[in-house]
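These come from TrEMBL:
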TRANSMEM  42-59  transmembrane segment
TRANSMEM  104-127  transmembrane segment
TRANSMEM  147-170  transmembrane segment
TRANSMEM  190-220  transmembrane segment
TRANSMEM  232-250  transmembrane segment
TRANSMEM  284-306  transmembrane segment
TRANSMEM  318-334  transmembrane segment
TRANSMEM  340-361  transmembrane segment
TRANSMEM  382-403  transmembrane segment
Amino acid sequence: MNDRNQQENVEILVSMSAETWQNTSERRRLEKIIEPLPSLQLFFWSVLVSLTSVINPLLTNLATNLQSQNLYAGWALTQGEVAYANIYGTSGLLYYLVSWLGNLFLGQLLFLLFQVVALTLAGIYLFQTISQITVRSGLARQITILFYLFVLTLGFGGTYSIIFTFPFIFRSLYHLVKYLQGRVRDESFIRFGMVGALAFLIEPAFSLLFYSLTTLFLLLYNIADKRKARGFYQLLASLLGFSLVFYPLGYYTVLNGSFGVAISQVTYVLEAFRLNSSYLLDHLLYYGLLFLGLGFATALMTAFALKEEPTAARGMRFIGLLGLPISFIGVLGLPEKGAYQLLTTLPFALLLLALWLDTGGDRDGHERRHRKPTQASSWNRYLGKQLFLPLFVMLYLVAYPFVNEYILSNGVSAERNLVAQHIRENSTSKDSIYAWDNTASLYKKSQRLSAVSLLSPSLYTGTEENRIFLRNALNEASPKFILVNKDVKLFSDVKKKISQDYEEVNLKLNHFKLYQIK
């Protein structure tokens, strides 16, 4: 009975008119009766997901190429290296600041705590968003749990910059929902812009897509609702908020002379995007199966059939319907392959999943009070309608890193550790090295800095410009040691340089060749 009363209170809250919400005292009174957030549950899931991070020494060998570069970046920044100038990456400046701070104390434990905080805040704002558009706290809990499961599986190992962007993305969605319900003033878009700037400074490419879609939606909504003047004012307020955060933090790159390099690197995803590439079919098959298996395709298709929704739900459906296919196509065109790429689809997919599972009959508040599916039935709908494919896909995503490390690549990590030990014993901290490998883990293991900002030839070399840069940088830097993975194709001019200036170190390796400068 108490739960039903709480649900009815939420419905009353959502159905309030814009005029009522302008009454501050009334708004505060009604907000007090909203069902409390399941904060402890959200924190538990955040800790659980973070414990599977590759920061955990037991799981470090499972790191993807990008994760190994993220781990290196945090350590290298504490050694005096400069983001963008010495470390190539597409993440934003604020992400590298967090990574640097996370490595200053307690090893990388502090960085792990930052991820726990980010995931907890993301869960809070996601729960609030779904609660408001569906008026079902049970469904909001389910969608939030799905969010953590998707991060755990698609982003297994954590450390990805987009994970730290989710709190700001979901906070922005919650702000839009409140605006569509008439619960916020136009001046609040200053905060909206500030939140957008923080998201952009962590993950620029995805944030650009997300806030472009939200801006488009607000433009169309304000025109349709005959609020052109208000819409223009909101745009100015958002730009002001964005500027207040972006310019002070972004000025750092101007001071250290890496502004131009930073712009070039964060726009890599735009320059490397190709839909006529040789890997398109392979990516379409791989990502398509994940997209289908996790229920994203079903949520997308059923979203076209949803009708007679409240304004807030229609707004979220619009953003989801545009964002999900666009982000999926964006993943297809990038040369770097990995399940973590689908993390960019999560905000849009979760909105559509919530609207799909929210099938309690008519949208009228009185009708819905008596026709709410239970949380269990929502789980059954998600898993049963997909023939339990989401469960199998999640198990595959968690199992694959272990299978790849201990079965498919058995012995590779052991040889890499042997090489790292040899380099530590036969070089000084002033010597630089390079790993022609499919991971950047050698640098941190050997405690030696990379001679080139492009840490691996297997990542960020999707453009001819970057491939040329790698060749030239290696030629100029002449690192003391070069490790070559036999499974990674060696550029002809790099092979020529090695044969002329380096000699092989006899460590009796099966998967690698280690070269030392003559």
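Heads up, the Cβ atoms here are built off N, Cα and C, so glycines get one too.
What you see is a predicted model, and the numbers here were worked out from it, not measured in a lab.
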Q: May I ask you to check whether the transmembrane segment (284-306) and the transmembrane segment (232-250) make contact, with contact taken as at least three Cβ pairs under 8 Å and only pairs 6 or more apart in sequence counted?
A: no
(Q) If you count every Cβ pair below 8 Å, which range out of 42-59, 104-127, 232-250, 318-334 shares the most with the transmembrane segment (340-361)? (A) 318-334
Q) Where else in the chain does the transmembrane segment (42-59) make close Cβ contacts, counting only residues six or more beyond its ends and a cut-off under 8 Å? A) 67-68, 71, 108-109, 111-112, 115-117, 119-120, 123-124, 127, 144-145, 148, 151-152, 156-159
Q: Give the one range among 104-127, 147-170, 190-220, 318-334 whose Cβ atoms make the most pairs under 8 Å with those of the transmembrane segment (232-250).
A: 190-220
Q.
Checking distant contacts: for the transmembrane segment (147-170), what same-chain residues at least six beyond its ends satisfy Cβ-Cβ under 8 A?
A. 45-46, 48-50, 52-55, 59, 62-64, 66-67, 70-71, 91-92, 95, 98, 111, 114-115, 118-119, 121-123, 125-126, 129, 195-196, 198-199, 202-203, 206-207, 210, 290, 294, 339-340, 342-344, 346-347, 349-350, 393-394, 397-398, 401
